[in-house]
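S.K.: The structure that follows is given in the form of structure tokens.
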Amino acid sequence: MKGFSRQIKLYHRHYTIQPYFPLKSVLFVLLLSLAFLHFKPSFNPTRNQTLTRNGSHNRTSRFNYIIRFTDYKPASDHRSYLESSLRSNGWYWIERRNPAAKLPTDFGLLSIEDSVKEALIEEIEKLRFVKDVNVDMSYNRGMLVGAFENGKKRPGKIFTSMSFGEENHCHDSGLSNSSINWSRHLLMQRSQVTSLFGADALWRKGYTGAKVKMAIFDTGIRADHPHFRNIKERTNWTNEDTLNDNLGHGTFVAGVIAGEEAECLGFAPDTEIYAFRVFTDAQVSYTSWFLDAFNYAIATNMDVLNLSIGGPDYLDLPFVEKVWEITANSIIMVSAIGNDGPLYGTLNNPADQSDVIGVGGIDYSNHIASFSSRGMSTWEIPHGYGRVKPDVVAYGREIMGSKISTGCKSLSGTSVASPVVAGVVCLLVSVIPENKRKEILNPASMKQALVEGAAKLAGPNMYEQGAGRVDLLESYEILKSYQPRASIFPSVLDYTDCPYSWPFCRQPLYAGAMPVIFNATVLNGMGVIGYVQSPPTWHPSNEEGNLLSIRFTYSEIIWPWTGYLALYMQIKEEGAHFSGVIEGNVTVRIYSPPAQGERAARSSICILKLKLNVVPTPPRSKRVLWDQFHSIKYPPGYIPRDSLDVRNDILDWHGDHLHTNFHIMFNILRDAGYYVETLGSPLTCFDASQYGTLLMVDLEDEYFQEEIEKLRDDVINTGLGLAVFAEWYNVDTMVKMRFFDDNTRSWWTPVTGGANIPALNDLLAPFGIAFGDKILNGDFTIDDEQSRYASGTDIVRFPRGGYVHSFPFLDSSESGATQNLLLNSGMNKANSPILGLLEVGEGRAAVYGDSNCLDSSHMVTNCYRLLRKILDFTGSNIKDPVLFSKSAKQDTPLYEDDNHLSSRRTDVNFSLYSAVIGKDLICRSDSRFEVWGTKGYNLHIRGRNRKLPGYPVIDLGRGLNSTVDTIKSRHPKFTERNTDNSFGNRYLGELDMPELVASQWLIPVVVAFTGIVLLLSIWRIRQKRRRRRRSSSTRSASL
């Protein structure tokens, strides 16, 4: 831009503006430029914070970054350290004026000029005492609306709708796009929620929450509120100059926990309330506000912390790690699991963390509330298996709580169920004598008391209810005699207990199958840190139990308070004909360092009971293998939604797993007699002779060349069936789907389409099949089944002799209408091929251009019937007469030239998100034991990585609580994220990275330059007219 400015100056030197140039035009351009120069954003996250200048202050774009240090020190020390260590200018230290300012801190907030950002951040990260650098993310909690409206992102980080009022008869989840209706007529008279849990029994014993410090992170509270007897402290962490609650949510939450109004009693009225105002009246917060508030909660020794917020972004590194630090300091955190139900795979963070008590919601009839988010956790997939969440459920529909100033009202949501459990926890904490609380109570021991005392509900499965409904009195009995110990949650996996043990109870074990993974959580009440003393062992109850082979992965270091234990279960080959039940226990010994005053280490044996159904190995034709390996989801990248009709949920974040948003399809296939297994490793890692069909649905990743070659051989020579359900892919649409992030002042663009069509076309090339780049929408009927084609793609290559079905659809890509897919008269419908079936060699292939009809997230109509007919063909060569009618047979091939096929985006560094690009081809622990750590079946190649030209090899690493293989990896220190994509979003490409919008200088410069060009153009025109007049006068004189 400096060169641009110099160019403007040269124009001024070269041209002289004539004195008779219109004065009005000059004044208009100057006034317009000045107006833009004085334009500033209306919301400033650093208000009430001081910018301390370092280096020259120019008019340029600046963004706030969190600099995390390795030690806690006074902020002035950190600032001095940076000032003495950094040679570069262009950064400004932001003085944070809040109650934590006087305390030592582990981070600083810097405003960094965009022009020096990359070099300066690199220099900062090289400093010895700097941990990492992250964008100061904005949080926005939509209490009544979701994160996206009409395809546009609301201000702040993506958060679920947290709670909604009793006057609302329909809850619209902004992230799920699902409308949830319920009747206002309850099956029982609504009662005080406290009496439903028996709180009065503990009140009569004298337990009322006394001397319990309760931190409520919300919208604040008024000091003189008549419903509370013990408001100890109110603190404000926002950029607004008030401590009061002007929205009512924070007051309501406090009322559920500790209110004493008879109409809306809280659980622990004597609890000491510490109100942390972390959200503005506009429901906006920043990571830096949370970090300061969390540090203050640690410094002031809070006992319990309620956080009725949540979102899909579990990769916000500063936030997540600070939550770990909160719980490591024995603060019991309770958080809402989310309001994105009834969809699966919609757990919200931080409630999905194993060290946090994640709370789901039920109604007064003990049914899971339709709005309550369902598990499993999605941190671990696609290359592992999720944990059981929520931990517990509590009443969360039409709960009474305090209004802003006086009176009571009713709200619903998991953000209401969360303070119900927080109130229960406060009451339970007060049961323990104050001088013994820190010895006995911690996040693990409290969770043990809650999950072990919970009442399991009849009907919901473990991913809907966790351990069940909180039972205050049972948990009280557990805590009365509690001795520090370790345990496993869930403590039982019983295949005969259906539907609670879904999905495990829906499909028995059998020999030759992919390992079945069960990911349990280790709760260590003995200490904040623990260790596995010796590897877990399997102890069968009878001789048949020796037919079961189990391998384990687990947390070698259990911190803070929790870890994971993953079981990989296979039936040995000698059990191929066995039918029956296998029972036994898995045991693992956990130890922790001795507590203060103790000499010996604390030790505990954890037991996980197994009761497993086993059947003989099913026939090949009935075995379906689901490809999970090639799935990519949000986060870490902006992976867009599959249906562009869904405008309030722009991200693909539900996991794309058989047991999350494809759980209904899984149940349908089981009912049809199919056995569905999951492959979390490359296609070289399964034995094709054992399966009837490889099912590939909505896949975003690339493929190793070895996978392409093996699949060709598997289908043509081994007789494997192949069924592919694709999705839209259109580069113009991806570019137009970008959205602006108000926090980082940047644009974010999808890294791929609904599916990775260029990669799929490479995979299908040996069979002469390819998909196009159309985005098709419309209703159609096939085999007497009405269906909706929702943002699917078309087939542009298919061999002669195959069977192809075409229908007239709207191609929204032709008009470029990517955000509004409503039918317009200007759009033309044309017949487009969408379904193809083909016999190829010994095998069979079927391709379909849309997966929304299988995905329960945004399904309009399902195509389960079509799926069954496809699997009948691919697995058993059963041909439906309609699908294989003569009219559908291709006498001539479909063929599209290579130049017209969908191409990969060259501006995306896809290796950041891919498990293929720049990675080793290796069979992971979710493949058959015999190929663990190898390249796969019948492969002799070694040490080859797939790499796209021009892109570095980057290791994605792994997260905690993971069931993937233990791999030594290093995450880059600097992580630049927008408010909707979190730590792990290392966008290093062009359009897929934040495009910085320098609104403070770009617009005025452009306007000024345009004005100058306009002036010069008018001046030139006048000069030409003057020459013409002169030449005309000369000619007249000559005549």
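Cβ atoms are placed via backbone N, Cα and C, with glycine included.
Reproduced below are the annotations present in TrEMBL:
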ACT_SITE  D218  active site, charge relay system
ACT_SITE  H249  active site, charge relay system
ACT_SITE  S415  active site, charge relay system
DOMAIN    64-136  domain 'Membrane-bound transcription factor site-1 protease-like N-terminal'
DOMAIN    209-460  domain 'Peptidase S8/S53'
DOMAIN    489-617  domain 'MBTPS1 third'
DOMAIN    618-889  domain 'MBTPS1 fourth'
TRANSMEM  21-39  transmembrane segment
TRANSMEM  1001-1021  transmembrane segment
S.K.: Note the mean pLDDT of the domain 'Membrane-bound transcription factor site-1 protease-like N-terminal' (64-136), expressed as a whole number.
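M.R.: PLDDT averaged over the stretch: 94.
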S.K.: What is the one among the active-site residues D218, H249, S415 whose Cβ has the most other Cβ atoms less than or equal to 10 Å away?
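M.R.: Result of the Cβ crowding comparison: S415.
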S.K.: Please spell out the DSSP helix, strand and coil residue counts for the domain 'MBTPS1 third' (489-617).
M.R.: 11 helix, 67 strand, 51 coil
S.K.: Per DSSP, what is the residue tally for the domain 'Membrane-bound transcription factor site-1 protease-like N-terminal' (64-136) in helix, strand and coil?
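M.R.: For the domain 'Membrane-bound transcription factor site-1 protease-like N-terminal' (64-136), the helix, strand and coil counts are 27 helix, 31 strand, 15 coil.
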S.K.: For D218 (active site, charge relay system) and H249 (active site, charge relay system), determine the Cα separation and express it in whole Å.
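M.R.: The separation of the Cα atoms works out to 7 Å.
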S.K.: Could you give the Cα-Cα distance between H249 (active site, charge relay system) and S415 (active site, charge relay system), in whole Å?
M.R.: 9
